[in-house]
Amino acid sequence: MPQPHLRTVVVLAAGEGKRMKSTLPKVLHPLLGRTLLGHVLSAAAPLGADRTVVVVGHGADQVRAHLTEIAPDATPVLQAEQLGTGHAVRIALDAVPEGAGTVVVINGDVPLLRPETVGALVTAHEEAAAAATVLAAEVPDPTGLGRIVRDTDGRLEQIVEERDADATQRAIREINAGIYAFDAVRLREALGKLSTDNDQGEEYLTDVFGLLRSAGEPVAVHVAVDHVETLGCNDRVELASLRRLLRDRVNEAWMRTGVSLLDPVTTWIDVTVALDRDAVVDQNTQLRGATVVGAGALVGPDVTLVDTIVGPAASVVRSHAVGAEVGAGASVGPYAYLRPAARLADKAKVGTFVEVKNSEIGAGSKVPHLTYVGDATIGEQTNIGAASVFVNYDGVNKHRTVIGSHARTGADNMFVAPVEVGDGAYTAAGSVIVDDVPPGAMGVARARQRNIEGWVVKRRAGTAAAEAAQRAGDAEGAQRIGDAEGASEVAGTASDSEAMHGRAETVGGASGAGDTATE
Ligand code: UD1
Ligand code: MG
């Protein structure tokens, strides 16, 4: 049995990426759920390399920190000065033990590379027992790239950088994709012989091919089926165009697995997202991070989901969610905001202009309109009245509100946490609930209304309101106003708004208190 090849992957990521004009190192720019570097590492992952070395330089600390997160087994190696791609590989190999096998080198800025393509390159290289194999592609516009120069027999002669190329060489449209497989021993030898005799005064990795060929070693070209995979990223215009290409690739793959995308051009799905069969994604929708969309769920239009789990047959319409969970058959939006640890059980509903944070909403419970639910636990089959606020913050600490099952809370309630409303309890509309409401009780906490009859005709005479009141037969009321002791006091001292809302009084009874709850 032949020994399996020892494989080393070297990713070149020390360059600054000047043309990105960014404080973020180029390889850390994000592209549909992974950094450029993350994409390259996942394209190489199926090789099952025995070791992975990442050459870092510009923004080394940031790149190292990112590696700890996404590829803790990779070894970062510092290239303090960027003296060329050949120099970078030399430094990388200096950091790993000598040994035979295959060294796969990948530029850090080719994020569309697919694992199948890297695999095919390495297999071709190992089967041919070549000293070095380069991935090449025929491209419509080779500007700025290294050209594959072949001899009259069509064999690789050398790779020439555009800036060192003559006119004939520049006309070649077959380019070096920046992905290579090398025999470890022969690569180490050749790297020791690199010169800096070129336009940039750098050690070019690409010169290894000319050196090996002159020494009579077998060098090979592996041509990529789809040149799009080999596109590099040098500025933000290219980054945007790579993003579009990747979007199309991802969307096509999901449609082929049985997901409906109603407008693929405005649907942006991170490579880390999962969707089940018969999910429907409507237009202008972004699905990001660890988001999962269950079978038959409807998401969109105009939805952004980050790290959010949507259960089967749920619907999320015109809403934004981060770190939330939406149960099976639950419904969200339009215009809802689910924040981290918002958890909706099966068939729960979070409606229009509702914000939920760090709260459980039990099965079948509804928060239909204009409400903030923060740090709460709501039981099952409960209805929360419109325009309510779970007052969770006392200025220093956050507190929890607990609402039981089958409760009916009135519209415009404040639940001043910590507070508890029991199973089957009701609360009156307009209540500020500061004390616990026992199971089955009606909690009322608001002023009783009084009407000062004839006030408008008397105090706002000549206005359209007064005329309307008179037409409605309030002339009599206007007469009575003189009798209403204290009425002028209210109208005279309070602002219009206060007067219109009346003065605080304690409600004695609760008849009809819950009438204004909404469903
Ligand atoms: C390189 C190739 C070119 C190929 C192109 C494909 C060389 C000499 N040229 O050119 O033939 O067509 O890629 O995209 O290799 N890097 C380091 N240390 C350095 C220099 C570069 O780590 O000292 C890294 C960069 O961060 C980058 C990669 O190597 O990820 C390629 O470097 P870049 O400067 O982009 O090379 P190109 O000019 O694009
Ligand atoms: Mg480049």
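Numbering starts at 1 and runs along the chain as it is shown here.
Using N, Cα and C of the backbone, Cβ positions are placed for all residues, glycine too.
As written in TrEMBL, here are the features:
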| type | residues | note |
| --- | --- | --- |
| ACT_SITE | His369 | active site, proton acceptor |
| BINDING | 12-15, Lys26, Gln79, 84-85, Gly146, Glu161, Asn176, Asn234, Arg339, Lys357, Tyr372, Asn383 | UDP-N-acetyl-alpha-D-glucosamine binding site |
| BINDING | Asp109, Asn234 | Mg(2+) binding site |
| BINDING | Ala386, Asn392, Tyr393, Ala429, Arg446 | acetyl-CoA binding site |
| COMPBIAS | 468-480 | compositional bias 'Low complexity' |
| DOMAIN | 9-159 | domain 'MobA-like NTP transferase' |
| REGION | 1-236 | region 'Pyrophosphorylase' |
| REGION | 237-257 | region 'Linker' |
| REGION | 258-519 | region 'N-acetyltransferase' |
| REGION | 468-519 | region 'Disordered' |
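A map of TrEMBL features onto the structure.
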residue	record	Cβ neighbours (10 Å)
Leu12	UDP-N-acetyl-alpha-D-glucosamine binding site	25
Ala14	UDP-N-acetyl-alpha-D-glucosamine binding site	29
Asp109	Mg(2+) binding site	26
Asn176	UDP-N-acetyl-alpha-D-glucosamine binding site	24
Arg339	UDP-N-acetyl-alpha-D-glucosamine binding site	17
His369	active site, proton acceptor	18
Ala386	acetyl-CoA binding site	22
Asn392	acetyl-CoA binding site	22
Ala429	acetyl-CoA binding site	22
Arg446	acetyl-CoA binding site	20
Pairwise Cα distance for Ala386 (acetyl-CoA binding site)/Arg339 (UDP-N-acetyl-alpha-D-glucosamine binding site) [Å, integer]: 19
Contacting binding-site residues for ligand 1, chosen from Arg339, Tyr372, Asn392, Ala429, Arg446 when the Cβ sits under 6 angstroms of any of its atoms: none
Arg339 (UDP-N-acetyl-alpha-D-glucosamine binding site): secondary structure state under DSSP, collapsed to three categories: coil
Euclidean distance between Cα atoms of Asp109 (Mg(2+) binding site) and Ala14 (UDP-N-acetyl-alpha-D-glucosamine binding site), Å: 11
Distance from Asn234 (Mg(2+) binding site) back to Arg446 (acetyl-CoA binding site), taken between C-alpha atoms, in Å: 64
Candidate nearest the residue listed as 'active site, proton acceptor' in space, where candidates are the binding-site residues Gly84, Asn234, Tyr393, Ala429 and distance is Cα-Cα: Ala429
Summary of DSSP states over the region 'Linker' (237-257), given as helix, strand and coil counts: 20 helix, 0 strand, 1 coil
Cα-Cα distance linking Asn392 (acetyl-CoA binding site) and Asp109 (Mg(2+) binding site), given in Å to the nearest integer: 46
